[in-house]
Amino acid sequence: MKKDGMSVFEKEKPDVVCLQETKCSDDKLPGDIKNVKGYKSYFMSAKKDGYSGVALISKKEPLSVTYGLDDETHDDEGRCITAEYEDFYLVTAYVPNAGRKLVTLDKRMDWDPKFRNYLKELDAKKPVIMCGDLNVAHKEIDLANPKSNKKNAGFTPEERAGFTDLLAEGFVDSFRHLYPDKTAQYTFWTYMGNCRAKNVGWRLDYFVLSERLVPNLCDNLIRTSLYGSDHCPITLLMHL
């Protein structure tokens, strides 16, 4: 918000904006983001102030909005909002980070199957579009330095297998579906070492679709020219 984010919003007029790691309790949300003209806004914050949190801002009012996974451990951290529309579900998610020295890998391993089952249950009713900071680089092509990061959060065998298991349930990584061999495509760069300028990054942010939505997929853009965070925005274009 302090880095001119609303000007991008006003210029592009997206149908839906999904935010992750909002780090803001409901009572501290800026008015500009709570009351965007022409949009309905939904927020889920963590019980711990200044931590985690997700938001969904939609031009069209959803049929219903659900907060969390109905799992107290993860829902206390404000990690997931689901909006139901006529023909699909849209899920914004901030997946637990395994942490420095993998101190929270167990939490991540608890999340992955629960979230996968949640998406499967939605998909049995309507197709799903899930987006968010998934805190995993799925394959070696998805980060600049795979060899030196195999024991680091975001690229452990366990986290990568969790994403593989999700795709095996009938979901598609939309970017890799469109660009299977495109290299040096990242959405996150640590602030250390001038990594963004050097493009030493990770692709941690995704749009994951139910397979039956693939014919409706137009493009998935990685918006590296837009600054304001250690992540850059990604944009999904669909014909729905």
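Every residue gets a Cβ built from N, Cα and C, even glycine.
A C-beta separation below 8 Å, combined with a sequence spacing of at least six in one chain, links Y94 (active site) to Q20, E21, S52, G53, V54, G78, R79, C80, G132, D133. Taken from TrEMBL, the feature active site applies to Y94.
Residues or ranges marked as active site, proton donor/acceptor by TrEMBL: D133. Every protein chain considered, the tally of other Cβ atoms within 10 Å of the Cβ of D133 (active site, proton donor/acceptor) stands at 23.
H231 (active site, proton acceptor) falls within a strand when secondary structure is assigned with DSSP. Taking Cβ-Cβ distances under 8 Å and a sequence gap of 6 or more within the same chain, the neighbours of H231 (active site, proton acceptor) are D133, T187, F188, L204, D205. For H231, the entry in TrEMBL reads active site, proton acceptor.
For E21, D133, N135, D230, H231, the entry in TrEMBL reads Mg(2+) binding site.
If you look up TrEMBL, you'll see 8-231 marked as domain 'Endonuclease/exonuclease/phosphatase'. Computed over the domain 'Endonuclease/exonuclease/phosphatase' (8-231), the whole-number mean pLDDT of the model equals 96.
The annotation site 'Transition state stabilizer' is assigned in TrEMBL to N135. Of all the Cβ atoms in the protein chains shown, 23 others lie within 10 Å of the Cβ of N135 (Mg(2+) binding site).
Neighbour count (other Cβ atoms within 10 Å of the Cβ, all protein chains): 20 for D205 (site 'Important for catalytic activity'). In the three-state DSSP scheme, D205 (site 'Important for catalytic activity') falls into the strand class. According to TrEMBL, the site 'Important for catalytic activity' annotation covers D205.
According to TrEMBL, the feature site 'Interaction with DNA substrate' maps to H231.
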Next on the checklist: When DSSP is mapped onto helix/strand/coil, what comes out for D133 (active site, proton donor/acceptor)?
Outcome noted: strand
Next on the checklist: I'd like the number of other C-beta atoms within 10 A of the C-beta of E21 (Mg(2+) binding site), please.
Outcome noted: 20
Item to check | Check: same-chain CB within 8 A of Mg(2+) site center, minus E21, D133, N135, D230, H231 | outcome: Q20, Y94, F188, L204, D205, S229
